[in-house]
Amino acid sequence: MLKRLLKRPSLNLLAWLLLAAFYISICLNIAFFKQVLQALPLDSLHNVLVFLSMPVVAFSVINIVLTLSSFLWLNRPLACLFILVGAAAQYFIMTYGIVIDRSMIANIIDTTPAESYALMTPQMLLTLGFSGVLAALIACWIKIKPATSRLRSVLFRGANILVSVLLILLVAALFYKDYASLFRNNKELVKSLSPSNSIVASWSWYSHQRLANLPLVRIGEDAHRNPLMQNEKRKNLTILIVGETSRAENFSLNGYPRETNPRLAKDNVVYFPNTASCGTATAVSVPCMFSDMPREHYKEELAQHQEGVLDIIQRAGINVLWNDNDGGCKGACDRVPHQNVTALNLPDQCINGECYDEVLFHGLEEYINNLQGDGVIVLHTIGSHGPTYYNRYPPQFRKFTPTCDTNEIQTCTKEQLVNTYDNTLVYVDYIVDKAINLLKEHQDKFTTSLVYLSDHGESLGENGIYLHGLPYAIAPDSQKQVPMLLWLSEDYQKRYQVDQNCLQKQAQTQHYSQDNLFSTLLGLTGVETKYYQAADDILQTCRRVSE
């Protein structure tokens with residue numbers, strides 16, 4: 001009996017190809033078909049037929065690809081690859097509402113082991129185990145019967161391809177206009193179709209990565225210090241905090257009814273309520289905000305081999321340090337001193353390869369004490385990175401309850417999820433306030449300033465969307481509107497003639513974006529170069545002209 005159960009089932013090659021094509025094109029594209037139903041109401045027989053034609057086209061395309069690969073004996077490995085990739089894509093699309101594109105592939109490549117571990121849930125392991133790994137094993141386990149005639153096998157496979165091509169042509173003849181209209185008006189639909197979404201996105205990512213080895217493009221070689229901010233006994237020190245996944249609408253400084261920024265509310269900061277990000281993922285936003293390119297003209301491939309604002313500041317003679325607690329600077333700090341403080345794995349600060357952001361201050365006091373010239377310190381925080389929001393703050397910052405203490409955030413109630421996310425912002429508030437107090441402690445030696453700017457926002461289940469990374473054109477504002485604030489010491493305001501009341505009024509009426517960071521940092525640190533754009537410098541219009 002057992003022997004009979006363990007006996008490998010056998011199919012002829014054509015049947016195996018059809019079965020594999022059906023599973024890949026239909027079973028692993030449920031997410032795609034669900035999204036089609038949202039965009040194509042089945043309110044007429046015509047629309048019903050259009051919808052029913054889509055599985056036919058998907059099946060036919062996969063059938064053609066697998067059949068062609070069988071002539072090179074690649075049908076098994078290719079089918080297994082499609083199954084594994086399709087199962088993974090479908091899980092993340094259906095669970096988190098993401099889109100598979102180049103940015104998402106970059107996010108996957110840049111994901112740290114700790115972040116990968118945070119995504120692992122029993123649901124994920126079971127889903128991928130059954131729909132991916134088990135299905136691939138079955139595809140390999142099924143025995144393909146040897147063809148009785150090689151010519152007959154070739155003819156049958158040729159006929160199989162021909163029938164599939166004819167089906168595609170028939171659908172095109174009947175419904176081309178419907179397809180063109182549907183996909184033109186819903187451009188992101190195709191990014192849910194597996195396995196083409198993963199293949200196209202991976203190739204796009206690879207094409208961009210190839211350009212990373214191009215010669216470095218230097219900018220700001222004319223950089224020099226403004227005489228007003230140089231050769232003074234009191235040096236200048238600026239801290240820039242790069243936030244992670246903090247969305248503006250949950251900042252109490254932005255009018256959010258919950259008190260998520262109790263400390264910063266007392267710090268006399270200037271908050272900019274209308275600030276847009278350059279992207280919806282760290283891999284896009286961080287290199288973009290440090291580049292001289294505005295979002296509308298941002299080129300990822302150029303940013304990978306071009307200097308940014310930190311290079312210019314360093315060239316002008318200012319000491320630059322980047323402390324990282326978020327898996328890397330995405331190229332923004334490659335040519336300035338930088339350190340991965342997460343790797344220190346400090347006790348009471350780190351859990352499973354991830355650390356609370358307070359680790360960023362390790363050794364900072366000593367660094368500042370030994371600093372002889374002007375300095376810019378960048379603190380790259382892990383902030384509110386999900387889905388393990390509950391791991392982003394120590395227990396004493398669990399202000400709002402009940403919380404979502406799991407990485408299966410889709411299983412939590414809205415209240416639990418928002419509570420946990422808001423707790424991360426309470427800890428962000430603590431971190432930024434701590435940096436301000438650190439600067440205050442060194443005001444005897446330095447004229448100090450601080451900027452906080454988050455890389456992108458976050459979705460917390462609104463409209464079934466979680467996390468971030470959606471294409472900018474369709475991403476909700478919660479992923480694009482980010483908190484930005486500025487703190488200037490009284491000494492800075494007086495010494496460099498900056499009117500803070502003017503800044504406060506300007507912040508409430510003007511719209512800003514991460515495009516402003518480049519020139520604002522140059523202006524804040526007194527670096528002059530032809531790349532500086534006064535119109536993008538937030539402080540420029542509020543500087544009083546000395547009589």
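Glycine residues also receive a Cβ, built from the backbone N, Cα and C atoms like all the rest.
Mean pLDDT for the topological domain 'Cytoplasmic' (1-9) in the predicted structure: 66. For 1-9 (among others), the entry in Swiss-Prot reads topological domain 'Cytoplasmic'.
Residues or ranges marked as transmembrane segment in Swiss-Prot: 10-30 (among others).
The topological domain 'Periplasmic' feature in Swiss-Prot is assigned to 31-47 (among others). Note on the topological domain 'Periplasmic' (31-47): residues 54-55, 58, 89-90, 93-94, 178, 182, 185-186, 189, 192-194 of its chain, located 6 or more positions outside it, place their CB under 8 angstroms from a CB of the stretch.
The annotation transmembrane segment is assigned in Swiss-Prot to 48-68 (among others). Remote same-chain partners of the transmembrane segment (48-68), defined as residues 6 or more beyond its termini with a Cβ less than 8 Å from a stretch Cβ, comprise 17-18, 20-22, 24-26, 29, 32-33, 36-37, 40, 42, 75, 78-79, 82, 157, 160-161, 164-165, 167-168, 171, 174-175, 178-179, 182, 193.
The list of residues near the topological domain 'Cytoplasmic' (69-79) in space but at least 6 beyond its ends in sequence, with Cβ under 8 angstroms from a Cβ of it, reads 13, 16-17, 20, 24, 136, 139-140, 154, 157. The topological domain 'Cytoplasmic' annotation in Swiss-Prot covers 69-79 (among others).
What Swiss-Prot records for 80-100 (among others) is transmembrane segment.
Positions annotated as topological domain 'Periplasmic' by Swiss-Prot: 101-123 (among others). Residues of the same chain lying 6 or more positions beyond the ends of the topological domain 'Periplasmic' (101-123) and with a Cβ under 8 Å from any Cβ of it are 95, 191, 197-198, 201-202, 204-205, 208, 279-284, 327-328, 330, 352-354, 385, 387-388, 391, 406-408, 469, 471.
Taken from Swiss-Prot, the feature transmembrane segment applies to 124-144 (among others).
Per Swiss-Prot, the feature topological domain 'Cytoplasmic' maps to 145-154 (among others); the stated evidence is sequence analysis. For the topological domain 'Cytoplasmic' (145-154), residue counts in helix, strand and coil come to 5 helix, 0 strand, 5 coil, using DSSP.
The transmembrane segment annotation in Swiss-Prot covers 155-175 (among others). Here the transmembrane segment (155-175) has long-range neighbours at 13-14, 17-18, 49-50, 53, 56-57, 59-61, 63-64, 67-68, 70-71, meaning same-chain residues at least 6 beyond its ends whose C-beta is under 8 angstroms from one of its own.
What Swiss-Prot records for 176-547 (among others) is topological domain 'Periplasmic', and it gives sequence analysis as the kind of evidence.
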Within-chain partners of the transmembrane segment (124-144) [C-beta distance under 8 Å, separation at least 6 from its ends]:
8-13, 16, 20, 23, 27-28, 76, 79-80, 83-84, 86-88, 90-91, 95
Are there residues at least six beyond either end of the topological domain 'Cytoplasmic' (145-154) with Cβ under 8 Å to its Cβ atoms? List them, or say none.
10-13, 71
